[in-house]
Amino acid sequence: DCLPDWFHYEGHCYRVFDEPKKWADAEKFC
């Protein structure tokens, strides 16, 4: 199960952020 406002995809939880980020930046941000 994912936290509220997060969605489940292929065994992982994701969240959409208002500000665009590159994958590398997103990984560091998480």
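Even glycines carry a Cβ here, placed using N, Cα and C.
These figures come from a predicted structure and were not determined experimentally.
Record features (Swiss-Prot):
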DISULFID  Cys2-Cys13  disulfide bond
DOMAIN    1-30  domain 'C-type lectin'
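Shown in sequence order, Cys2, Leu3, Trp6, Phe7 are the residues of the chain, 6+ apart in sequence, with a C-beta less than 8 angstroms from the C-beta of Cys13 (disulfide bond).
The Cβ of Cys2 (disulfide bond) has 12 other Cβ atoms within 10 Å, all protein chains considered. Within the model, the domain 'C-type lectin' (1-30) carries an average pLDDT of 77. The DSSP secondary structure for Cys2 (disulfide bond) is coil. In the three-state DSSP reading, Cys13 (disulfide bond) counts as strand.
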